[in-house]
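Input: one structure, supplied below.
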Amino acid sequence: MNNIIPTEETHPLTWRLRNDRETVWIEEYCKKNGYFSLKKALKTMCPEDVVHLIKESGLKGRGGAGFSTGLKWSLMSKDNSSKIRYLLCNADEMEPGTYKDRFLMENIPHQLIEGMLLSAFALNVSRGYIFLRGEYIKAEYILKKSIQEAINFGFIGSNILNSGFNFELFLHTGAGRYICGEETALINSLEGRRANPRAKPPFPAVFGLWGKPTCVNNVETLSNVPSIVLHGVNWYKKLSKSTDTTGTKLMGFSGKVNNPGVWELPFGTTAREILEDYARGMKSGLFLKSWQPGGAGTDFLIEKHLDLPMDFTSIAKAGSRLGTAIAMAVDNKTNMISLVCNIEKFFSRESCGLCTPCREGLPWIVKILESLEKKEGHKNDVKNLERLCLDLSPGKTFCAHAPGAVEPLQSAIKYFRLEFEAGISIKKLKKCSNILGIQSNEFTSKV
């Protein structure tokens, strides 16, 4: 295993971590160059300078989509007639198998807060909210205490560091809905409405929280901002081994590996390096059957893809998405039907129910998979699953929930079709008629 020695020059997100993994509170954070970036920005830069810096750095969103952060910031409404603008931190980390944001919030909370302060300064925002997953009880306590610490030290409030910059920061805990990870559903929830996605346009940058210009960024994205402001664009670009994406990324492996965890690594590090050098390989007696690059809502890949660089373009070319870059290893003793069925049950339960394809399609997928799992499937079940994947593909539903939900299913069928076909009942195979239209797969056929 590689022995990581985090330094400020090579590990901007994690070099402040304590060896005992206790929280880095504000006094220790300040001793480790904490809030230096904020002081630099407020004293020597204007908001436009910070936006330009982030755009030039190539920082991409770390929530999964990989959209340019600087470009997203530049889309904020330039209409200064509206003095009220909002910055929202999406900390509603509910993607199964993902835990990177919790890692940052519980260990280095002031890095996130400083990132929000810098982002707010760049966007002329005076109020921010951290929308936290409700189940993150420890993170809630730590963030509340950290916000109060920042207020006491004069980093949050009015006329921060005598600069004329004002910023209030509030913590809001969610009610346990996965769909709040979608930025407009998050906004609806924060307003006290049902957590349904909104139609776009208008985009939040123009019409967001309470109808005001709003920017929504992920925890890890915001945590990258202080180091970029402090050390500059050229330094940040050199951190990466990829020609596609700049900087570093929290990456990890879970599943039946010897050392599951999360590590800050350069973009371009291969999945094999992470699995073998950091996660120490599969447990004794097991070998890798498949893996998901970045959460439950990403397509499965197989062993031959382990040598791909972990960046947005390389993983996309292989037919999946980098997502959160917290990978899940699937071992050879895992039944793919059972695994995918479990994933689809989660996504079916978490559908907001707004659009018909998602509301009706995902439960039907679960029903078919349950039959296949019991080896009671029907002749056309696998074909119907493939058709449902097409029916729930991008552009056919109101948001990206359903398209993401069927990614693991379509890829599992692609690579492990025989396992799914093995779930078809021999008896029903002999006596079977085609399913006409969208209806239950439980039917009787004429003999």
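Glycine too: its Cβ is placed from the backbone N, Cα and C atoms.
Since this is a predicted model, take the numbers as computed values, not measurements.
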Name the one residue among C89, C215, C399 that Swiss-Prot lists for the same [4Fe-4S] cluster site as C352, C355, C358.
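It is C399, as the record lists it for that site.
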Would you mind sorting out which of C180, R198, W210 (the binding-site residues) have a C-alpha within 10 A of the one on C399 ([4Fe-4S] cluster binding site)?
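Candidates kept after distance check: R198.
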In sequence order, which same-chain residues at least six apart have a C-beta under 8 angstroms from G174 (FMN binding site)?
D92, F131, L132, R133, G134, C180, S189
Going along the chain, which residues six or more apart from C355 ([4Fe-4S] cluster binding site) have their CB under 8 A from its CB?
T397, F398, C399, A402
Using the Cβ center of C352, C355, C358, C399 as the [4Fe-4S] cluster site position, which other residues in that chain lie within 8 Å, going by their Cβ?
I179, N196, P197, S351, G353, L354, P357, R359, T397, F398, H401, A402
